[in-house]
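Taken straight from Swiss-Prot:
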COMPBIAS  1-23  compositional bias 'Basic and acidic residues'
CARBOHYD  ASN370  N-linked glycosylation site
REGION    1-24  region 'Disordered'
REGION    547-567  region 'Disordered'
TRANSMEM  77-97  transmembrane segment
TRANSMEM  108-128  transmembrane segment
TRANSMEM  141-161  transmembrane segment
TRANSMEM  165-185  transmembrane segment
TRANSMEM  197-217  transmembrane segment
TRANSMEM  240-260  transmembrane segment
TRANSMEM  271-291  transmembrane segment
TRANSMEM  311-331  transmembrane segment
TRANSMEM  349-369  transmembrane segment
TRANSMEM  372-392  transmembrane segment
TRANSMEM  436-456  transmembrane segment
TRANSMEM  515-535  transmembrane segment
Amino acid sequence: MPASDRTSETGDVEKVTAAETPKEVPASNAAESTALTGLPLYTVLVGLGLALFLGAMDMAMLGTAVPSITSTFHTTADIGWYGAAYPLTMSSIQLLAGKIYAQFPQKLVFLVFFGLFMLGSLLCGVAVNSPMFIVGRATAGAGAAGVLSGTLAIVSAVVPLDKQSLILGLMMSLVGTAVVLGPVISGLLTDHSTWRWCFYLNLPCGGVTLLALILFFRPPKRPTRTTPLSIPELIKKLDLAGCLGFIPAVVMLLLALQWGGDGSKEHAWNSATIIGLFCGAGVSLILFLIWEHYQGDDAMLPLKFFRDLTIIASCLYGFALLGGYVVVGYFLPEWFQIIKGANPQSSAVMLLPNVITNFISKAVIGVIVNKTGYFNPWLFFGAAVLAIGSGLETNFHPSTPRPNWIGYQILQGAALGIIQAPTLGVQVALAKQKHLIPVALSLVIFFQYFGSSIMLSISLTIFQNLLRPGLVSKAGMTEAQVQQYVAAGNSEVRELTAQIDPSRLGVVLEVYNDAIAGVMWLSTAAALFGFLVSFGFPWKSLKAQTEENKKEAAEEEEEVKVAAVEA
């Protein structure tokens with residue numbers, strides 16, 4: 001069937017421009033030809049799983065290590081950059097990573113991105129000063145930008161579509177686990193060794209990933225081109241000009257959210273710096289969208305994606321669910337350590353209900369989706385149980401009994417059982433335009449991680465806005481004492497209170513408890529938004545789509561054979 005004649009239910013996203021037809025000749029391999037089995041498959045999946053875990057853990061782990069890092073470098077002036085550098089580069093380069101995967105061999109691109117991540121980790125580990133550490137974090141973030149989208153692309157190549165729900169579910173469970181355990185692992189390494197091992201740890205684990213991919217992954221054949229791309233054509237295909245609008249927009253928005261706030265932050269919300277960053281982000285985004293419209297099918301972010309309901313729903317659902325879960329993953333360990341007085345080891349044990357349920361729900365839901373072919377009911381389930389679990393945690397108090405917080409965690413852990421659904425939805429929507437899948441997956445991943453960064457920044461602002469007035473009005477602290485609490489960090493709350501006035505410990509813990517409980521409303525709201533977005537996913541069987549893919553692949557092979565005989 002000629003590429004220019006193809007259409008589908010999803011509308012404009014499924015159309016292939018005739019201009020591309022003479023330059024590219026589809027490869028004749030069937031969709032299943034790159035599938036792996038046995039030891040090679042398991043080895044590749046283990047390597048990819050390690051890469052996902054390390055990349056997600058690096059995003060979540062820094063908070064508990066910051067006090068030790070600032071002590072080593074003898075400065076607190078760059079604390080904001082410690083946390084901002086990684087998500088800034090990861091989010092801003094995410095869409096470009098998708099374009100690179102679409103233009104170059106998957107294996108090579110993944111190895112380069114993951115190599116960048118490991119290089120950044122090494123720079124952080126050996127950093128001798130604050131600027132070197134920040135450069136390392138930015139480098140690692142740039143590498144991480146291509147890790148998750150590359151993982152999803154590789155899984156789609158080595159695992160049939162109807163089996164991907166189970167595999168992607170288990171993979172994404174590692175992301176959720178890393179978000180929860182990242183601060184705990186960081187605390188353990190910092191307490192028992194040095195904060196540098198938070199980054200050195202990535203090197204031997206990352207070596208396993210590199211070996212697995214180099215030895216066992218056979219990348220799918222790429223379409224052959226009748227004429228090679230020139231440098232100007234490649235620049236146009238990668239839409240590097242679009243990057244000049246997109247990257248500043250993301251950087252300025254995240255910096256505004258990182259720096260903006262009252263009291264504990266570098267700039268007030270109404271300061272010229274923060275207002276300027278928000279305005280600059282808005283202008284850059286508008287210019288970027290105008291350019292993307294002009295670029296058409298070569299755009300880094302094809303605007304026709306936003307005419308497809310499945311892709312829109314996938315982006316928004318990933319934004320809401322992972323963003324809401326990251327808030328829980330960040331503040332739940334804080335609640336255990338501040339309110340319950342747990343050390344990092346005990347906190348890790350107390351988080352096990354969340355982690356274990358996370359894995360079990362992924363496996364169970366993955367098997368059910370694999371059998372039935374439909375993931376839609378579980379979209380509602382995931383959003384609903386996260387909303388219920390987080391909503392119940394808004395009632396936290398210092399004496400909340402063990403059975404209660406275990407039950408809340410079980411609900412929240414079960415929520416991530418369907419976090420892989422947005423990526424499955426994209427693959428179904430673009431089943432007849434596989435060359436666009438890496439770009440669309442990068443868009444979904446961007447929304448997931450950008451949502452996580454946005455939600456975490458907002459949650460920290462909510463926490464500070466509830467904490468500071470509470471310490472003054474309820475605990476009777478002076479502004480100078482409040483600043484001491486903010487500077488000391490959450491791990492030193494009990495020790496600092498013992499120095500200031502031990503008799504106020506109970507009231508101080510209540511203030512911290514109320515601030516953390518208040519933050520859980522953000523997670524609840526995000527989950528409820530995700531529940532509403534679930535209505536936007538069309539009901540389409542993954543099994544039926546897999547059979548359709550096989551049939552089309554067989555027809556393509558037959559056409560190629562006939563053409564070869566006639567030639």
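A Cβ is built for glycine as well, from the same backbone N, Cα and C atoms used for every other residue.
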(Q) Does the transmembrane segment (436-456) come close to the transmembrane segment (372-392), meaning at least 3 CB pairs under 8 Å for residues 6 or more apart? (A) no
Q | Tertiary contacts of the transmembrane segment (515-535) (same chain, 6+ residues out, Cβ under 8 Å) | A | 313, 316-317, 320-321, 323-325, 327-328, 331, 334-335, 338-339, 376, 379-380, 382-384, 386-387, 390-391, 393-397, 415, 455, 458-459, 462-463, 466-467, 470
Q) What stretch, picked from 271-291, 311-331, 436-456, has the most CB pairs under 8 A with the transmembrane segment (165-185)? A) 311-331
(Q) Using a cut-off of under 8 Å between C-beta atoms, tell me which stretch among 108-128, 141-161, 271-291, 311-331, 436-456 contacts the transmembrane segment (77-97) the most. (A) 141-161
Q. Including all protein chains shown, what's the count of other C-beta atoms within 10 A of the C-beta of ASN370 (N-linked glycosylation site)?
A. 18
Q. Any contact between the transmembrane segment (240-260) and the transmembrane segment (311-331), i.e. 3 or more CB pairs below 8 Å with pairs at least 6 residues apart?
A. no
Q.
Can you work out which residues elsewhere in the same chain, 6+ from the ends of the transmembrane segment (436-456), have a Cβ less than 8 Å from its Cβ atoms?
A. 13, 59, 87, 90-91, 94-95, 97-99, 101-102, 148-149, 152-153, 156, 179, 250, 254, 257, 300-302, 305, 311, 314-316, 318-320, 322-324, 326-327, 330, 422-423, 426-427, 429-430, 522-523, 526
Q) Same-chain Cβ contacts of the transmembrane segment (271-291) under 8 Å, 6 or more residues past its ends? A) 241-242, 245-246, 248-250, 252-253, 255-256, 259-260, 299, 301, 303
(Q) Can you tell me which parts of the same chain pack against the transmembrane segment (311-331), counting only residues 6+ beyond its ends and a CB-CB cutoff under 8 A? (A) 13, 60, 63, 175-176, 179-180, 182-183, 305, 379, 382-383, 386, 389-390, 393, 412, 415-416, 419, 421-423, 425-426, 429, 440, 443-445, 447-452, 454-456, 459, 463, 516, 519-520, 522-527, 529-530, 533-534, 536-537
